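Read through the structure below, which is laid out as C-alpha cells, and then see the notes.
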Amino acid sequence: MSRNGIPEKNGEHSVYTDAVVNDSTYTLKPSLQRQMKNRHIAMISIGGVIGTGLFLGTAAGLQTGGPVGLLLAYALVGSICYAVMVTLGEMVAFLPLPGGHITLAERFVDPAFSFALGWNYWYNWTVILPAEISAAAVIVNFWDKSVNNAVWITVFLIVVILINILGAGAYGEAEFVFASIKVITIIGLIILGIVLDLGGGPNHDRIGFRYWKNPGPFTQYHGIAGAKGRFLAFAASLTQAAFSFIGTEIVAIAGAEAKNPRRNIPKAIKRVYIRILLFYIGGVAVIGLLVPYTEPDLALKTSDAAKSPFVIAIRNAGITGLPSVINAALLTSAWSAASSDLYSSSRAIYGLAANGNAPKIFLRVTKHGLPYVAVIFQSLFGLLAFMGLKEGSGRVFGWFGNMTAIAGLMSWFGISVTYLRFRKGLKAQGIERKSLPYVGIGQPFLAWYGAIVSLFICIISGWTNFIKGNWATDQFVTNYLPLWLFPFLYLGARLWKRSSFVTPERMDFKTGLAEIEAASYDEPPPRNWVEKWWDWLM
C-alpha cells in the first residue's frame, strides 16, 4: 500500500508500466528518464518563460492600454496564471507523468478532451518556435546588419537542436543559465527603473507619477470618451498580457523528467507567485512610471532593444551603453524561449503518442531516455524561420504569436477542467486530499476561476474587430481560430473515438504511481548556512 492509500502495482522504476484499471487497459512502457535536478526545475518555474513578451511586448500593451490599463491587465492574467499553477501543481506533484496535463486529461476527463487539449498544446509550442528563432536573428541586427539573417537563423537553430538532442539534463542546465541571466536582468532593470523614477539618473529628473497624470493612466481607446473608452483600452491589453504569461505550465511537462518529483515540483509551484509579483507586476508598474503611452518609439517596427520600454526610459535619462546589455538579454530570452519551444513541443507530441492520439513512432527513445524521433520531427518546424527572410513574412509570424496567446489560454481552461474532474475522482475513490504531496489553496474556487476567466478572455480577445470601421480579417481569424479549434478537435475526436466521460469511480490514480514514489526520497538536511541558503533559493 502506498503512503497515499492507493495500492501499488509493482516496484518497477520506469516512468510508465503496464496496468489494468477497472477493466480498462493502459499500456505504458518504459520511456523518459528523470534527469532534471531541483535547481533546474526551480529556475524553469521562476524564469523559464520570461521572454520577449515582457521585454518587448509591453511596448504595444502600454501604447494600447496606458500605464494603469497595462498594470491591471497583467494583474488579472497573473491571477489566472497563479490559479492555474496551483491547480496544476496539485495534480502533477501527485502524478508527474509524460505528457503532463495531456495525460491527466486522458485519465480524468475524456480521451477526446485529451486529444483536443494535447493537439492545442502541441500547436501552441510548435508555431512559436520559428518565430522565436527569427526574433533572435532580428535582435542581432541591433549590433550588425551586414550579415545575412540566414546565417544567424542557422546558428541559433543548430544550438537549440543540440541542447535538446543532448537530453533533458542538458536542457535543464541550459535553462538554468538562461533563466538566471533573465532573472538578474529583470531585477536589475526594476531597481534601475525605481532609481530613475526618483531622479537618480544623469539628468536628475524626478518623474514620480507624472505620466499617470499627463497623458493619463488609461488611453481612450480609438478616441472613445469616458469610462467606456478606458475599459476598452484595458480589455485590449489582455491578449498581450496573456502572451507574456503563457508557458508557465512547462513545469508539468518537465515533471516526468524531474528527479525527486514529489519534493521538487511542489517547491517550484510555490515560487510561481514570485515571478508573477516581482517580475511581471513589478516590471510593468515600473514601465508605466517611466514611459508615457504617447512615446513615439513604442510604435517602432523593429523587434530589438530599441523598442523596449526599459531602453526608452534609459535613453531618455541620458544613460549610454546599457541598451546593448539589454539587447544581449533579449537575445538570451529568445534563445531560451526557442529551446523551451522545442522541448515542450517534442514532449507534447510524445504525450499524444503515449495516449494513442499521435503515431506510435514518436514514442521511440534512446537508452538515455531521449524521445529522439519527436525531437527531430519538431526540429523540422524550426526551418520555417527561414521564411522570415522573405519580405512581409514577419507579419505572418506575428499572427502566429497572437494565436499562441489564445491557444495558451485554452490550455489553461483545459487544465482547470481536468482538475475539477480530478477532484471528483479523489472523492469518489476515497482518497484524502491532505495525503497528496501538494495541496493547493482555495480549491475548487481557483479552478473554476481559472476556467471561466480564461475562456472569457478568449471570447472577447477579438472584440476590436466589431468597432465600426475597425474590421480586420487577419486579426479576427488569428484571435478566434484557436478558440474554435478546441471544440472542433474535441467534437471530432469524440465522434471518431466514440468516447465518453471517464466516471469518477473508473479514474486511474494508480498507473505509474509505484515508479513515482520510488523516484521520491528525503534529501539530506543542509550542513551549513550556505547550503541552507541554496536550499531555500532553489
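Glycine is treated like the rest: Cβ placed from N, Cα and C.
Unlike curated records, TrEMBL annotations are generated automatically.
For 40-500, the entry in TrEMBL reads domain 'Amino acid permease/ SLC12A'.
Marked as transmembrane segment by TrEMBL: 41-62 (among others).
Annotation comment: TrEMBL describes 68-85 (among others) as transmembrane segment.
Here TrEMBL flags 121-143 (among others) as transmembrane segment.
The transmembrane segment annotation in TrEMBL covers 150-170 (among others).
Beyond the transmembrane segment (176-196), the same-chain residues lying 6 or more positions past its ends with a Cβ under 8 Å from any Cβ of the stretch are 39-40, 43-44, 46-48, 50-51, 54, 207, 278-279, 282-283, 286-287, 289-290, 310, 313-314, 317, 322, 325-326, 329, 332-333, 335-336, 339. Among the features that TrEMBL reports, transmembrane segment is placed at 176-196 (among others).
According to TrEMBL, the transmembrane segment annotation covers 272-293 (among others).
Taken from TrEMBL, the feature transmembrane segment covers 313-338 (among others). The list of residues near the transmembrane segment (313-338) in space but at least 6 beyond its ends in sequence, with Cβ under 8 angstroms from a Cβ of it, reads 48-52, 55-56, 128-129, 132-133, 135-136, 139-140, 142-143, 156, 159-160, 174-175, 178-179, 181-182, 185, 189, 192-193, 196, 201-203, 205, 247, 287, 290-291, 304-306, 382.
The transmembrane segment annotation in TrEMBL covers 369-387 (among others). Through the fold, the transmembrane segment (369-387) approaches residues 31-33, 35, 126-127, 129-131, 133-134, 137, 150, 153, 157, 160-161, 164-165, 167-168, 257, 338, 342, 345-347, 349-350, 353, 361-363, 393, 396-397 of its own chain, all at least 6 residues removed from its boundaries and within a Cβ separation under 8 Å.
Through the fold, the transmembrane segment (399-420) approaches residues 80-81, 83-84, 87-88, 90-91, 101, 104-105, 108-109, 113, 116-117, 120-121, 123-124, 127-128, 131, 239-240, 242-243, 245-247, 249, 252, 443-444, 447-448, 450-451, 454-455, 457-458, 461, 474-475, 477-483, 485-486 of its own chain, all at least 6 residues removed from its boundaries and within a Cβ separation under 8 Å. The annotation transmembrane segment is assigned in TrEMBL to 399-420 (among others).
The transmembrane segment feature in TrEMBL is assigned to 441-464 (among others). Non-local neighbours of the transmembrane segment (441-464) in the same chain are 76-77, 79-80, 82-84, 86-87, 90, 232, 235-236, 238-239, 242, 405-406, 409-410, 412-413, 415-417, 419-420, 423, 470, 475-476, 479-480, 482-483; each lies 6+ residues outside the stretch with a CB under 8 Å from one of its CB atoms.
According to TrEMBL, the feature transmembrane segment maps to 476-496 (among others).
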